[in-house]
Amino acid sequence: MTTASSDPLLQPFTLKHLVLKNRVMSTSHASRLTRDEFPQEVYQRYHEEKAKGGLALTMFGGSSNVSLDSPNTFQQINLSADAVVPHLRRFSDRIHTHGAALMCQITHLGRRGDAYTEPWLPMIAPSPVRETLHRAMPQAIHDADIKRVIRDFGLAAKRCRDGGLDGIETHAGGHLIGQFMDPTVNLRTDKYGGSTANRVRFAIEVHEEIRKQVGDDFVVGFRFALEDGCSFEEGLEMSRILQGTGLFDFFNVTFGRMDTKMALAVNSMPGMFVPSAPWLPKAAAFKRAVDLPVFHAAKIADLATARYAIREGLLDMVGMTRAHIAEPHLVKLVEAGKEDEARPCVGASFCRNFRATCIHNPATSRETYLTHDIPKAAQTKRVLIVGAGPAGLEAARICATRGHDVTVLEANSTAGGQLLLAATGSWRRDLIGIVDWRVSALERLSVDVRYNHYAELSDVLDHGADVVIIATGGLPNLDALPGAEHCKSVFDALTETPPREGSVIVYDGTGRHNAYLCAERYVDAGLDVSLALIDSMPAQETGGRGDDQVWMRNIARWDVPVRTNIELIEVTASSNGKRRAVFQHHLTNERVELEADHVVVERGMLAVEDLFEAARMYSANDGYTDLEAFATGKPQPGHEAEEGQFHLYRIGDASASRDIHTAIYDAYRLCLAL
């Protein structure tokens, strides 16, 4: 049995003069929370929550800019101006109050920048080699610009020191320093190109200037991507050269290229379709070959893997960045012997979408108006929740934690709702953790959950509730489609046994996952599948987190026909027993007709609102939710309830068809204020 005193994760680590209180860290990432290019209140509160939660080191400022021609492509921090220093001082004081250390990543994007972002300058690189992902055609960096950028790195590091930070790291992987190291990008024939020693010269000169500006008693690390254009062996050779300079205090090792969407989703930020801790063996091999401390983060989402990495000496500090986006109080729970209560990172990569927000922790990055510590309610209420999908489960969890008397009515034999279908995909099974964690929480809280109970209006009226929350979800939106009786919905396709043979047209009218989960099921069953899309590319809504790349890869492997930009307008039965799907082409306005044995249709969900509408006339608020209060997690305006009345709300897909995060967010912000 692991105790707090013997847990490898809770042992301190000395980095130069800095004593880190445990082995858990959050690595630098672009959270998209800056305001006016600086880490202000929202940004700082996001990181402070992790410090309050017990981790030893939070690194921030992913891709922070040191120069004018490294633009604000990802809403990064601008370290090229002295105006950043007061923000860093407040930030440092805030984090240090909780006993955690604070470091910033500093970099120049090089060719990875966006030439069409202010100030609209040419991008630079060792050689004019275009990056596929960010699409800039860079100019070869001039000797004078090399000197300028080196100076900018030094000044940015000094600003970090002046701001009270404990250290910095520079970023090589895919960025300007790494571009000099990469022989496929660095085609120079001068002293900065050619041999391994020449290609690390720029990195050394940058860090010589940094040391000149910050001195020897400031922690300086190097985020180093293995096999980023170089072989693993040459990467080790480079690391030994860098280590031999005495300029560095640690290596933060990552793996692989990041110059395409797929490479980013596999290497740098491994998604749900990638195994747990995919590059830990590579990082361990790197550590065996160097003398400096080694940090590493890449889908180390669970404590068992993190503990193993430290116990076996594979790493010195373990990065659990996305795990902390899901559960910022992770270390505190470990210390208290309650790690089984930690909200799991399910690997959905939702945090890559627009901001550092978890698919099932809506408080993350919203700390200025949502708390992670759920307070007790001033007055206990009797709450009835109809539906045990993600929204209903979260509503029950929040209400019960606040001390309310909660009952949940669920029509099915198990909890989960539509999420059970979402988790049927071969690489999306971990989504079920969202359900399992909440079911376990409700068991701990002794919530009365009644399965196989289809709620009627009489159930609502007889319960005597003060608050009724409708979380009945949605059903496939086929009603307005002529010939819907000739189609299968995605619910049908994902729950029924696939036909033994025949042809199937799968129609994607939303750009979400569902159509492709169905297509995958039919391909695996050996059917002749074709895809029809309303959008110009598959799974268009999932692109922010890289899932579209997985589906496009799978489609290429399936070798199935794909027709884009066509909208399904009708399905009819043909005389030969097949189904005829009629489409309108959005670009040509032409009518397109396709035949198959089966047609599967994804057009989103329509709210199941019968019970809500029936209950409205008995409610004190007519089922109305004040949006201004709801949007900011404030209490709903008071509506005096008469005898037998209740306050009625609806959340999740029972309100409108959206996603898992929004369903849980609805529940969180409503119930936190009940």
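A Cβ is built for glycine as well, from the same backbone N, Cα and C atoms used for every other residue.
The following features are taken from Swiss-Prot:
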- GLY62, GLN105, ARG223, LYS299: FMN binding site (BINDING)
- HIS175: active site, proton donor (ACT_SITE)
- CYS345, CYS351, CYS358: [4Fe-4S] cluster binding site (BINDING)
- ALA391, GLN418, ARG428: FAD binding site (BINDING)
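Around CYS358 ([4Fe-4S] cluster binding site), the same-chain residues at least 6 positions away in sequence with a Cβ under 8 Å from its Cβ are ILE325, ALA326, ARG343, CYS345, PHE350, CYS351, THR364, HIS661. Comparing CA positions across the recorded positions HIS175, ALA391, GLN418, the one lying closest to LYS299 (FMN binding site) turns out to be HIS175. Largest Cα-Cα distance over the residues recorded as binding FMN, namely GLY62, GLN105, ARG223, LYS299, equals 19 Å. The binding-site residues examined here are GLN105, GLN418; by Cβ neighbour count within 10 Å, the least packed of them is GLN418. For the binding-site residues CYS345, CYS351, ALA391, the largest tally of other C-beta atoms within 10 A is found at ALA391.
Note on proximity: among HIS175, GLN418, ARG428, the recorded positions of the record, the Cα nearest GLN105 (FMN binding site) is that of HIS175. Within the same chain, the residues at least 6 positions away from HIS175 (active site, proton donor) whose Cβ sits under 8 Å from its Cβ are SER63, THR107, HIS108, LEU109, GLY110, ARG112, listed in sequence order. Cα to Cα, ARG428 (FAD binding site) and GLY62 (FMN binding site) are separated by 27 Å.
Every protein chain shown contributes to the tally, and the Cβ of ARG223 (FMN binding site) ends up with 24 other Cβ atoms within 10 Å. Between ARG223 (FMN binding site) and GLN418 (FAD binding site), the C-alpha separation comes to 40 Å.
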